[in-house]
Amino acid sequence: MQQGPLYGYGVYCAESSTKADEYAEEIRGGLPSGEGCHAMLVCRVVGGLCRIVDTNEFDPDDLRQDVLDGPYHSVLGDRVVKLKKPFREIVVHDNNQIFPEFILYYKRLTRMVIRMLLCVDSLGHAFMQQMMMGGMMPGLMPGMPGLPGMPAISEQQTTPAAEKLRASQPAVAQAAEPEALPSAPEAAPVAKAKEPPPSLSQPKKEVLEWPAWLRFGAPCSVCGDASTADAQPHGVICRRRRKNTVGGCGKGVCWVCMEREPRSKFGMVRTTREEFESLEESAWWMHEACMEPSDLRAYFGGEKELAEARAAADASDTVVPDKVKTKEPDVDPLEAEQERIKKMPVKELKAYLDRHNTSHADLFEKPDLLARALEVALKSGPEPPPGPAWMKSGDICRLCGKPQMQDEGGVFCRRRRQDGRIAGCGEAICWRCMKRAPKDAFGKVRCTKEEFAGLGQDAWWMHQHCFEDGDWQDYFGEPEPEEERWRRTGESNW
């Protein structure tokens, strides 16, 4: 927990221990785990009706007033979906919503991994002191400064089991010392074989990192570059965690070589930083030559997807650039849209202005309608073509950043409504990312290529967070669940 002004003053609770650790400071003196120990308070928090904040555009004072004087019970800082932040925070202003459970004592053992270290008694039994949820005395908790109104938890309010455990610790420590045995007649020394040192008899097991990022200082196996900045991984390692073993050659490949190396030398299995990050803890990558058939099916999502990926790779290899043919000049999309508008009759010009919420009641001649329509086109840009929003060859997936090698390789987040308006964010998603993207950041609304094609000219798809009222009913054929509506809008009909 921490006190800060991001969402207004209050008691901040993080959903992840990693986030809470950012605000933890080393506590010195009086702790059983010694120097370098940090403490973290684990609580249950009753959020009630949350005021959801998922953008950077808000006033902290307004958020506080919405809770103190408005209908809300807490503020939920949800910066995961839209702002791509890793954690959420909840802010409460009433101590009765907080129920402390445990204090965790831990040490930061490495730079990349935070391992919880429980306090251990002299017999090696791990224990944690459980705290009562009610009857808290006034004051501030020792070691947790700066939380106005957060009552302290007195030592007299711990559970009887914890008191008994604390009282028994000196006796346990004495019992742990072995009693001196009565002296016995000394026997003749017996020669024993010299045991090998522990370092030779028990080799140290290598600790592997998951996901297998290629970190700063680790060279690329292709170009030998070890990166010049340690802020971000500069590649990935060929490695996959299987049930009882680890697959892959263990060689690292930087992002530059991942993109540039030819298929004849490197294979067709590629990834990008954005795609690897989006898969979170389940991310893995291997050279095609290091993969077994089951690895290929798991990576691409099935036999059919594997066949399509192989066919696309084969097609890209067979394309020979025509050096003789001159490149045709690129057509400006805005100019093409203006030419299309100039060919519209009066009825279509009026419909075009209606779609863009532009009045034409004061216009009676076609030249005037055309002039206003061209002004609208200059501001709003070209309209998408009618029909299903398929991705075409060359379109880039917004999530993984890969261009499509063939038509219908994915869909755009887009829906043309009955009044002609275009809904959706317009971002493109390939079928592979549609299947593998994490639910927290992407939402529950998914579709397949077969399902989209089966809907014909009426097919459409949008991200769940791009839905408006009525879209859930139209897409799933049933009313939108109250929980999903609350997640989408922060409003409830309860």
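Here the Cβ of each residue, glycine as well, is placed from N, Cα and C on the backbone.
Nobody curates TrEMBL annotations by hand; they come from automatic prediction.
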For which of the residue intervals 156-204, 303-351, 401-449 does TrEMBL record region 'Disordered'? 156-204
Structural state census, the domain 'PARP-type' (423-467) (DSSP three-state): 22 helix, 5 strand, 18 coil
Return the average pLDDT for the domain 'PARP catalytic' (1-127) as a whole number. 74
Under 8 Å Cβ-Cβ from the domain 'PARP-type' (423-467), and at least six residues away from its ends along the same chain, one finds 80-82, 84, 275, 278-280, 300-301, 305, 384, 386-391, 395-400, 402, 404, 408-417, 475, 480, 484, 488
